[in-house]
Amino acid sequence: MQDPDGIDINTKIFNSVAEVFQKAQGSYAGHRKHIAVLKKIQSKAVEQGYEDAFNFWFDKLVTKILPLKKNEIIGDRIVKLVAAFIASLERELILAKKQNYKLTNDEEGIFSRFVDQFIRHVLRGVESPDKNVRFRVLQLLAVIMDNIGEIDESLFNLLILSLNKRIYDREPTVRIQAVFCLTKFQDEEQTEHLTELSDNEENFEATRTLVASIQNDPSAEVRRAAMLNLINDNNTRPYILERARDVNIVNRRLVYSRILKSMGRKCFDDIEPHIFDQLIEWGLEDRELSVRNACKRLIAHDWLNALDGDLIELLEKLDVSRSSVCVKAIEALFQSRPDILSKIKFPESIWKDFTVEIAFLFRAIYLYCLDNNITEMLEENFPEASKLSEHLNHYILLRYHHNDISNDSQSHFDYNTLEFIIEQLSIAAERYDYSDEVGRRSMLTVVRNMLALTTLSEPLIKIGIRVMKSLSINEKDFVTMAIEIINDIRDDDIEKQEQEEKIKSKKINRRNETSVDEEDENGTHNDEVNEDEEDDNISSFHSAVENLVQGNGNVSESDIINNLPPEKEASSATIVLCLTRSSYMLELVNTPLTENILIASLMDTLITPAVRNTAPNIRELGVKNLGLCCLLDVKLAIDNMYILGMCVSKGNASLKYIALQVIVDIFSVHGNTVVDGEGKVDSISLHKIFYKVLKNNGLPECQVIAAEGLCKLFLADVFTDDDLFETLVLSYFSPINSSNEALVQAFAFCIPVYCFSHPAHQQRMSRTAADILLRLCVLWDDLQSSVIPEVDREAMLKPNIIFQQLLFWTDPRNLVNQTGSTKKDTVQLTFLIDVLKIYAQIEKKEIKKMIITNINAIFLSSEQDYSTLKELLEYSDDIAENDNLDNVSKNALDKLRNNLNSLIEEINERSETQTKDENNTANDQYSSILGNSFNKSSNDTIEHAADITDGNNTELTKTTVNISAVDNTTEQSNSRKRTRSEAEQIDTSKNLENMSIQDTSTVAKNVSFVLPDEKSDAMSIDEEDKDSESFSEVC
């Protein structure tokens, strides 16, 4: 059909739409006008029955921008135009419905048909091999989904199916756009059953897919897009917040600057307390400054402003009595907002009415001002030491001497609050200013009285001991006071037991007297018997007194001791209290045991009996105290190493843990002086103990402490045993330990630090790495071929990953404090040679391929040892000739061989050049010497003789060349492949021939320095520098 001008309407529609697209790609400025024109064109086309033509040409023109790259601004402008056009049509329909405008079915149908056909048309490119087309298609779908309300169910299913595929596209840019599309299909109600969905469920859920992307996608940008667009509710929030441990810096920072900031006050109520503490700790301790600053800004500005600047309320939300990160959080707040400090005051009336938050704030502000030398705040807000001791004593009396509280639950709550307040005041008191002697004595009295309380909690015991140490005149004074407190507690308990026994005996006597009064007629006989016994006792007493008076007493001292009543012992609970105080005291003592007799007496009376005690808790505390004493005296450590080893071998889990800690500490302090000697424990026995602990995966905590301790001892070169070190590395890669995250984390940090800290450490790794690799290859093969269904085949790393890790650890370029000799280091070459030596022992072709394909990660340099490079080349040639390799392995091995050949040629050329330079230098020196020694005629004679000698040398050289040519001919005739052993035999024979030739030349050189005789006035000159000295001696 044509218009009155004779132009085809279909063509006119194309020209009109094309003109709009042409103008729209130039700038965003006229898009509103272009959208109005497009709407007018569409309405006219529909009126004239050309709806399909408009849709066709619209689709056709949009298709033109699909191959454009991501950075092409023209494509982005057309995409914005399409999104704005569809949004405008949708907006008109919504506005008409709100104004109760009666829409015809045709008006709604036009819009729905246009959107339906356009999305279906665009989806045809979602499987395109061109990454740009896939990107533009999903970009269009993402902006369209933002601007439409409802779509057909069949179209919805088609979209979900397509997006489900594109979320795993190989291009990150495409996956990001797929994430943007999926976020439009999230259903908040579906997240309630997020964890109950199965992977094979046909009804695909967008939220579950986004959760999978946020956890597993390798691209940081894709994870970021999923994190920022995932619904934030109780079910999805843990997956969002775990991005605080993302490997990408930006993702970690956005958790604090976007996610938590957008939650506002909901953070304190919607996030679980332990997760909340972890987020603060991770943010403030992040290795990147930008992440730390984002976390500080969140605490000091966003959260504080959300709470209207109420610092006390912020501390309440942080739950200072429970949380362990509040100290770091409040320090970050003071650093970011120093203006807050000047606004905080502690009036006199508040000191007797501390709350948990105020007590914590007092401690935090005092320590912050002390660390940062803010003396004005210290002088204005904080009392003198004597006043502080009064306040501390006030709360101690409230906690331990207040018995008027009737409500048990309220009493429990008050007790915890008071203990926390006492702890905060004590922490501040440890570093308080005690220049006033009155204040020091007052605080010391309060602290000693507090430590004498038997009901004191362990945290208060610990801080109380530390405060007493800071108040002591010297360490001897501190030990004296601490042991006095321990002895007083024990003596009080024994005295209390004696009093209780006296009371019991008095009650028994009263009962006996009552029973005597109520006796019947048989009582007369009993009275007679009692009278006889009393008479016997009186007579024996008189005889004993008489013997003593007359000096006839024959009673021995042993009899007296045996007749003494047994010594009372403190109760188990009291022993635990004493051991707890002594352990915290010993942690602060540095004086050798030989100079402190009080600790030696404490060993005899408290610690040694505790180690022999059968109660587990007492024995564990006794071993801990014994270990702390061993750190003060090497002889004591030597004497008790066997006991500590037995505790590790035979004790329960907690005793093993403590004993392992003690053994590691003893080695750290005293080194190897405690083993391998007369009366000492054998070091091999201790190594076996560590070996057994590392192999026992039933005690993961003990594995961790053994691994960390061994790594420290190896790092300090206290332990140097290769077998034990090999056990450490094998434990790291063992699949049995893959679930022990603490152990794997300890190894992942300690092993690289050890290898890169010193060349000797890297050499130890190189010596053991080949055997480690072989063992792990065998283990991996057994794991993969296992028929047991419970075996997790993914629990162990593949051999190629392990090989890469070992190469990385033995790379000399990774050493700290590198010197110029790093390029000459052959430690990695030695490891690779060892690997090629054991290559034949590996039976699995798959494992061989894994090793060969990663062999080129080795560091090669022309400055490395020539013989080592030559040996590596020989083993590589041997494998290439005798092993049946696939193309990939062959190419990798050929690359290594080519690199080695080029390096060897370079070394040879450099050696030849250096030899020539040395010869030239030597000739110049000899010429100057000869010129000074002989006249011109003698020099002419010498030159003539030198020519003759050169001719002889030329003949000798030709002979050598002929010999080598014959050898080459022989080698070519025997063209079969030689084994490694045959090649070594041939090399040996060649070396013998060369030696004989060299011997001949040596004889010639030795004879060369002879003065000319009568028959010949010629004399040859040797090339060695040292021969000039011989010549001068002869002259």
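Along the chain as shown, the residues are counted starting at 1.
From the backbone N, Cα and C atoms, a Cβ is placed for every residue, glycine too.
Among the features that Swiss-Prot reports, compositional bias 'Basic and acidic residues' is placed at 909-919.
The compositional bias 'Polar residues' annotation in Swiss-Prot covers 920-934 (among others).
Per Swiss-Prot, compositional bias 'Polar residues' is recorded for 959-973 (among others).
Taken from Swiss-Prot, the feature compositional bias 'Polar residues' applies to 986-995 (among others).
Summarising the annotation, Swiss-Prot assigns region 'Disordered' to 500-536 (among others).
If you look up Swiss-Prot, you'll see 909-934 (among others) marked as region 'Disordered'.
Annotation source Swiss-Prot lists region 'Disordered' at 959-995 (among others).
Taken from Swiss-Prot, the feature region 'Disordered' covers 1012-1035 (among others).
Beyond the repeat 'HEAT 1' (113-150), the same-chain residues lying 6 or more positions past its ends with a Cβ under 8 Å from any Cβ of the stretch are 42, 51, 55, 58-59, 62-63, 65-70, 75, 79-80, 82-84, 86-87, 89-90, 94, 158-159, 162-163, 165-166, 169, 171, 173-174, 177-178, 180-181, 184-185. Annotated repeat 'HEAT 1' per Swiss-Prot: 113-150, in sequence order.
What Swiss-Prot lists as repeat 'HEAT 3' is 201-239. Broken down with DSSP, the repeat 'HEAT 3' (201-239) shows 24 helix, 0 strand, 15 coil.
Panel annotation: around the repeat 'HEAT 5' (827-864), residues 759, 762-763, 765-767, 769-771, 773-774, 777, 780-781, 798-800, 803-804, 806-807, 810-813, 871-872, 875-876, 879, 883, 885-886, 888-889, 892-893, 895-896, 899-900, 903, 906-907, 910 of the same chain, lying at least six beyond its termini, place a Cβ under 8 Å from a Cβ of the stretch. Feature annotation from Swiss-Prot assigns repeat 'HEAT 5' to 827-864.
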Within the repeat 'HEAT 5' (827-864), residues counted as helix, strand or coil by DSSP: 25 helix, 0 strand, 13 coil
Confidence summary (mean pLDDT) of the repeat 'HEAT 1' (113-150): 90
Structural state census, the repeat 'HEAT 1' (113-150) (DSSP three-state): 26 helix, 0 strand, 12 coil
The compositional bias 'Basic and acidic residues' (909-919) - residue tally per DSSP class, helix then strand then coil: 11 helix, 0 strand, 0 coil
